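Here is what TrEMBL says about this protein:
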REGION    1-48  region 'Disordered'
COMPBIAS  1-18  compositional bias 'Basic and acidic residues'
TRANSMEM  54-76  transmembrane segment
DOMAIN    62-476  domain 'Major facilitator superfamily (MFS) profile'
TRANSMEM  96-115  transmembrane segment
TRANSMEM  127-150  transmembrane segment
TRANSMEM  156-174  transmembrane segment
TRANSMEM  290-311  transmembrane segment
TRANSMEM  323-345  transmembrane segment
TRANSMEM  352-374  transmembrane segment
TRANSMEM  386-411  transmembrane segment
TRANSMEM  423-445  transmembrane segment
TRANSMEM  451-472  transmembrane segment
Amino acid sequence: MYTHTYRERERERERENMEDGQVNRRLLLEEKIEDPDGGSSGERAAEGGISSSSVTAVVVFSTSIAVVGSFGYGFAAGFSSQAESGIRSDLGLSTAAYSLFGSMLTIGGMVGATVSGKVADLIGRRFAMLLSGVWFILGWLAILFAQGAWMLDVGRAVLGFGIAIQAFVGPAYIGEISPKNTRGGFTAANQVIIESMLFSDRRSFMSLRKIESYVYEEKNYVPDSQLMRNYMQVKIGKEKDLEATLRRLRGKDADVSQEAAEIRDYIEIVQQLPKAKFLDMFQRKYAHSLTIGFGLLLLAIFGGTVGISYYASSIYEAAGCSVSVGTTTMAIVQIPFSVLGLLLMDKTGRRPLWMFSAAGTCLANFLIGLGFLLQNLNQNKDLTAILVFSGIQLYVATFSAGMASTPWVVVSELLPLDIKGSAGSLITFCNWASAWVVSYGYIFILDWNPAGTFFILAGICASTVVFVAKLVPETKGRTLEEIQASLTLFT
């Protein structure tokens, strides 16, 4: 229903534009003659049409503030790997106890995921991100003053709760305020910040959260996300406020009429639909977007990222590699390749970048598995260390360049507005649930058969390439409304 109506309105608008073409050209000529400075308002409108898709200071500033929460995400995710030896020796934790500590982040994430979408809809994206910062601070305080394993676990779970809110709300907010031609790059900036936090400490993170809190409290600095704000404005008939908000994001001289018209059409169609309930998301018309949302995130999790991020130290030790050299090299490799992915996101498109990344992680897992296979066969231990070390760095590089950030970008683009809150929460919950399975069981499976573990992961990454090639549409350079109209595979 939605796709048919949207396309009909697009064709109607094109016909109107063709009929009014001569009038518009005549008006532009008249305005050019009347302008005493030699520059017409028509020319400025044309320039505005270009700038409507350009990057403004408001978008850059709002994105910069929004991604501060990703610092906490990155530091918390890498903490269990960096601090493993110190915490286990200080508190005398067993393998099972430390595995529980590492996995508590995902347990908190599962709880946070169940409310993240509703919280974002209820209090807005901006205040939801501010709320995540409160949970970050509480979690780190619990870990800092922990006197036993139980307090560590509580702090880790609280961190996971805050991360789950930030993981959903951050990309959604950035995707909704960004111009369509730079939306992928801005959203992928989250991952660059996550990787860069590997070089930071808790004090720098706390300072950043204080800055973020102050800016969020000043409502004039950071606008709430465009699509949800515009949804409310169109809903209550404030058409002028809609265009004013768009001009604030796109530039005061920008021609936002086309974008405003698309938003009006989209919102009017959504308003005609019955109010979505939780079970409504399982209708056939949403099957395509939900399949992609669940598939991309679950394949990324089961492809090995959680295990390598949380237990890199154990993998290096098992292969006879230097833990300090290995983890430091991982941090050094992650940042430039995350930046590369950020630059390529809106150049090559999401699909090619994702398939390249999945193919690279497949090869990386195969190399690590081959290294452990040689170790099991008592063949050339030096070669085992080289293969495992090289495989992990290749995994980090290729994963950071694509799979690390692309799924959240695509999910934020694909979910329809009327089910975005509930569907986003469910997808995020499943993402964290699968992350818990991997984070808790990974170290036990690794002890069982290291070679077999990584060969299985290689097969999952290979299936990811096929999944993207067959089911995932390209979203680069398309408005959110155009993307929704293209999801017709199961309808």
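Yeah, the Cβs are placed from backbone N, Cα and C, and that goes for glycine too.
Caution: TrEMBL annotation is automatic and unverified by curators.
Of the ranges 323-345, 386-411, 423-445, the one with the most Cβ pairs under 8 Å to the transmembrane segment (352-374) is 386-411. Nonlocal intrachain contacts for the transmembrane segment (156-174), taken as residues 6+ away from its ends with a CB within less than 8 angstroms of a stretch CB, comprise 62-63, 66-67, 69-70, 72-73, 76-77, 80, 101-102, 104-113, 115-117, 119-120, 125-126, 128-129, 131-136, 138-140, 142-143, 183, 186-187, 189-190, 225, 408-409, 411-412, 420, 424-425, 428, 431-432. Between the transmembrane segment (451-472) and the listed ranges 96-115, 127-150, 290-311, 323-345, 423-445, the one holding the most Cβ pairs under 8 Å is 290-311.
Of the two recorded stretches, the transmembrane segment (386-411) does not lie close to the transmembrane segment (127-150), with fewer than three CB pairs under 8 Å once pairs fewer than 6 apart in sequence are set aside.
Tallying C-beta pairs under 8 angstroms between the transmembrane segment (96-115) and each of 54-76, 127-150, 290-311, 323-345, 423-445 places 423-445 first. If you look at the transmembrane segment (290-311) against the transmembrane segment (54-76), you find fewer than three C-beta pairs under 8 angstroms, all six or more positions apart, and that falls short of contact. Across the domain 'Major facilitator superfamily (MFS) profile' (62-476), the model assigns an average pLDDT of 77.
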